[in-house]
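Undergrad: Among the features that TrEMBL reports, signal peptide is placed at 1-25. Per TrEMBL, domain 'Plant heme peroxidase family profile' is recorded for 26-326. Per TrEMBL, disulfide bond is recorded for C36-C116, C69-C74, C122-C322, C201-C233. The feature site 'Transition state stabilizer' is assigned by TrEMBL to R63. Residues or ranges marked as active site, proton acceptor by TrEMBL: H67. Annotation source TrEMBL lists Ca(2+) 1 binding site at D68, V71, G73, D75, S77, E88. The annotation substrate binding site is assigned in TrEMBL to P164. Sequence annotations record features per position, and here TrEMBL assigns heme b binding site to H194. Residues annotated as Ca(2+) 2 binding site in TrEMBL: T195, D246, T249, D254.
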Amino acid sequence: MEETRRRSVLHFLITLVVLAGAGNGQLVENFYAGTCPMVEAIVRQTVVTKVGQTFTTIPATLRLFFHDCFVEGCDASVMISSPNGDAEKDAEDNLSLAGDGFDTVIKAKQAVESVCPGVVSCADVLAIAARDVVAQAGGPLFNVELGRRDGLISQASRVVGNLPDPTFNLIQLNTMFARNNLTELDMIALSGAHTLGFSHCNRFANRLYSFSPASTVDPSLNPAYARQLMAACPQSVDPNIAIDMDPETPRTFDNVYYQNLIAGKGLFTSDEVLFTDASSQPTVNDFANSPGDFNAAFGTAMKKLGRTGVKIGIQGEIRRDCTSFN
């Protein structure tokens with residue numbers, strides 16, 4: 001009991017220090033140095049175990065982080081479960097979030113709670129886990145800034161209009177990312193997360209069967225790739241069928257996504273436009289040719305994404321259970 005009280009006091013003092021020096025919601029890498037120094041090792045072990053059970057853990061956790069940060073900020077609001085089915089995770093755009101991402105965060109939080117009860121936020125656990133799944137897939141390992149608190153709002157109605165649509169053009173993408181203090185370079189780098197994971201057919205069917213009056217198939221699609229997609233996703237396809245977003249190396253975090261764009265193998269309109277638009281094409285070419293440039297830009301963009309709308313101090317709480325408010 002005394003140890004728990006001591007940790008709480010230490011955490012409160014560190015929070016005060018962070019608040020004093022960071023009125024804009026700034027985070028720090030060593031936030032839990034005095035209160036839960038093993039937090040990153042604990043989360044990493046959970047991630048490694050979970051990835052060993054199912055590969056879906058990797059894209060699911062990374063996508064969960066992105067969806068969380070773009071709605072209400074990086075505050076684990078996407079983790080909340082509502083008996084009324086009206087929480088953030090219940091919004092139509094979030095129904096395709098794979099359960100393995102949620103399970104990873106829940107298990108990692110439980111492991112952290114067993115060592116440091118009431119200290120580490122679910123938002124920070126998710127941020128650490130997102131970094132770790134990238135590394136598990138062969139991607140870059142970068143430092144994660146910490147100190148977020150968990151949000152107090154989770155509403156499905158607040159999701160609409162805050163997540164990028166697969167039909168977006170470059171202007172629409174840049175506008176949405178700019179709202180979250182992310183540049184075009186950040187947006188192109190974060191789009192590289194599509195080197196992992198899968199998509200349901202209905203998210204890109206318009207590119208195959210009803211693109212425009214002049215052409216039913218999107219002419220920017222590689223013809224052989226279009227035929228491959230049609231074979232996997234016929235018009236009467238089961239809505240639960242999903243295909244790899246990267247047709248070449250779907251289980252490796254690499255720069256092949258950008259090589260695919262150059263070859264006309266971007267799955268979404270919002271993918272392929274990164275190459276077909278003259279403004280973003282030079283960056284796509286750079287990332288396609290230089291894994292180092294991509295990895296560095298991705299790490300930087302993930303850190304910037306992690307600063308989106310963070311709650312500190314009394315703006316949030318430290319949830320004991322990631323799926324419910326205290």
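Glycine residues also receive a Cβ, built from the backbone N, Cα and C atoms like all the rest.
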Undergrad: Measuring CA to CA, name the entry from the recorded positions C69, D75, C201 that ends up nearest C36 (disulfide bond).
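TA: Closest candidate to C36 (disulfide bond), judged by Cα separation, is D75.
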Undergrad: Checking the contact step here: among the recorded positions R63, H67, D254, which have a Cα within 10 Å of the Cα of G73 (Ca(2+) 1 binding site)?
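TA: So the list is H67.
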Undergrad: Identify, among the binding-site residues S77, T195, T249, the residue whose Cβ has the fewest other Cβ atoms within 10 Å in this structure.
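TA: Candidates: the binding-site residues S77, T195, T249. Fewest Cβ atoms within 10 Å: T249.
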Undergrad: Within 10 Å of the Cβ of C233 (disulfide bond), how many other Cβ atoms are there?
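TA: Excluding its own Cβ, C233 (disulfide bond) sees 22 Cβ atoms within 10 Å.
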Undergrad: Other than its own, how many Cβ atoms are within 10 Å of the Cβ belonging to C74 (disulfide bond)?
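TA: Result for C74 (disulfide bond): 30 other Cβ atoms within 10 Å.
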Undergrad: Below 8 Å Cβ to Cβ and six or more residues apart, same chain only. Which residues does that give for E88 (Ca(2+) 1 binding site)?
TA: V71, E72, S77, V78, I80, N94, S154, Q155, A156, R158, V159
Undergrad: Within 8 Å of the centroid of the Cβ atoms of D68, V71, G73, D75, S77, E88, which other residues of that chain place their own Cβ, given that this set defines the recorded Ca(2+) 1 site?
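TA: Surrounding the site, in chain order, are H67, C69, F70, E72, C74, A76, V78, G151, S154, G309.
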Undergrad: If you measure from the Cα of the residue listed as 'active site, proton acceptor', which of the recorded positions C116, C122, D254 is the nearest?
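TA: Among C116, C122, D254, C122.
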Undergrad: Measure from the Cβ of D75 (Ca(2+) 1 binding site) and count the other Cβ atoms within 10 Å, all protein chains considered.
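TA: Its Cβ has 29 other Cβ atoms within 10 Å.
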